[in-house]
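This report refers to the structure that appears directly beneath it.
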């Protein structure tokens, strides 16, 4: 009896259990109805981790940027120093280049002057002789040698002749002063008068260049050299005047003839040739007279005025009586 009852109670109990399970006390976990807090916490942790990672990356990028800026500043300083170094090197290069160009230009200028001194000694001798022979040719311009070797040597020769005149006249003076005066006188006349006559020739429309004028006046000093060399060794004023008129006159006429052939117009010829002839002849007179007066004045200043030689003057001796002389003689004899 008990068994069926027990059998009845068993299914009923199991049925109640089933009902309870189907009711609110079901043992099956409904994942859909569960709270999602655990999953959200995991997601929050992931987001926090991601944010921390991003912050670390940003900090790393910031540090890298700061380091890059520092490196950029350092590289900028190095670049500035390198730029300054390049500028200094460029300036040094430019200075050296300018000095080299100046040296090259100086050599080039010397090379430009070389044709004016490229002449044979035979040609110089021929031109020296021609400078003493006037040629009467007015219709055509006479040829002028465009070289400066002969005129320059004549100027130095004139300087040497002036110094020789000082030595032969027993002139005692400091060599520097004497040499400077002679060189200044000769070169001053050659360059100064050549420039002045060239200016007059330009005003008078004469066909002549500066180099030709220097050559013409330089070879014209050959007569001055001959005249002064002879008259310094033979001291006669009459001989000087003869050489002044003949030798100096021939060299002056040669230059006048050349300028006449290269100038158009009687008035222009008279002004130009008259000025040149007057200056050339007066310069020879100056070298013979005034130059020595200057030196004599210097000598008087250095040595002082000449003192007259010592001369003996006769004096009157008073007359002594014979008694005094006899007494003196006796006294001398007794002492002996």
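Each residue, glycine too, has its Cβ placed from N, Cα and C.
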Between the ranges 183-203, 309-329, Swiss-Prot assigns transmembrane segment to 183-203
Of the ranges 123-143, 144-164, which one does Swiss-Prot flag as transmembrane segment? 144-164
Same-chain Cβ contacts of the topological domain 'Cytoplasmic' (261-269) under 8 Å, 6 or more residues past its ends? 137-142, 201, 204-208
Over the topological domain 'Lumenal' (165-182), what is the model's average pLDDT? 65
